[in-house]
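Swiss-Prot lists 14, 15, 16, 17, 18, 19, 20, 21, 40, 129 with the feature ATP binding site. What Swiss-Prot lists as active site, nucleophile is 105, and the listing cites sequence analysis. The disulfide bond annotation in Swiss-Prot covers 105-205 and is backed by sequence analysis. Residues annotated as site 'Interaction with tRNA' in Swiss-Prot: 130, 354. If you look up Swiss-Prot, you'll see 205 marked as active site, cysteine persulfide intermediate.
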């Protein structure tokens, strides 16, 4: 790809040390932007932990910035992260819900604290390695910015970005939105990035690769209680309701309990189906398609709409978890901070605390927190 000598302004790229943000920085420099790479440290604890890769990620990001030939800076947002993201994460788990901190991190840290910092550095835009696109359309009220799904639907991250607003989208560039992951890795190899084959990060950002129960146990009290079937039969003891999410199959500790069997005589798998916080009871059911695991509708709160106002009632697509295919649904009401969805086909393991995100084709409209 030839370099474009025409300067397009200053852009600060959030560089994590991974291949996506590294290629993002390179692409923008080739397009003629004055690029500044910024590494964000969002978690202070456990820097010496075997699970924490912050130091190596910082070294990787700095090395890439040097190779690409861009300015590189470091900022510590750990205090903001604990206050705006982690505290809410713990509150949600304490209430028996299963939050998605990456959604909140994007809205509060990567596209708020980071954006403010970048503007203070004299930037006109920020950029990240997210797989998504921004489109600006003219309306009678003026230009409106839309969040679109990425070209690579296997990597599309619009679900995690659905709480962004017009101001944030107006300042944001997503260079990878038109590329497939295979192309990104190919570019990284061609330009000699040492992290071209680096594994994508997985799991919740501040937990990393450590066992989830081990991490959560340090911050929330665990109160064991009964595991019951819908009929009230006790089939085990849970370690604390916070450690379980609806639809969970592994780690329930009820595998040896007899119950429904398949045609071949083997027992059907058990799934976490409901939580009763008042009684500290975890309900489990057998079979992936048990009625307790299926929901024909949902209610959501804390709604956030990218256009600044809710869409009209009507037919849309919705995701209730990342990488789920859009489920045909009807938006029945969207007033204030709440909305309701009715699905054409019942959805599996709709989980309170997760995000319900609404789409009109490739356009992400926004969403809310499932209750």
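Every residue, even glycine, has its Cβ placed from backbone N, Cα and C.
Here the features listed in Swiss-Prot are painted onto the structure.
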| residue | record | Cβ contacts under 8 Å, 6 or more apart |
| --- | --- | --- |
| 14 | ATP binding site | 21, 38, 40, 110, 114, 126, 127, 128, 129 |
| 16 | ATP binding site | 39, 40, 57, 61, 129, 201 |
| 18 | ATP binding site | 57, 60, 129, 195, 198, 200, 201 |
| 20 | ATP binding site | 129, 130, 131, 176, 184, 200 |
| 354 | site 'Interaction with tRNA' | 98, 99, 100, 320, 321, 369, 370 |
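Within 10 Å of the C-beta atom of residue 40 (ATP binding site) sit 24 other C-beta atoms, taking all shown protein chains into account. Classification of residue 20 (ATP binding site) by DSSP places it within a helix.
All chains included, 25 other C-beta atoms sit within 10 angstroms of the C-beta of residue 130 (site 'Interaction with tRNA'). Within 10 Å of the C-beta of residue 105 (active site, nucleophile) we count 25 further C-beta atoms, all protein chains included. Taking every pair among 14, 15, 16, 17, 18, 19, 20, 21, 40, 129, the residues listed as contacting ATP, the largest Cα to Cα separation comes to 16 Å.
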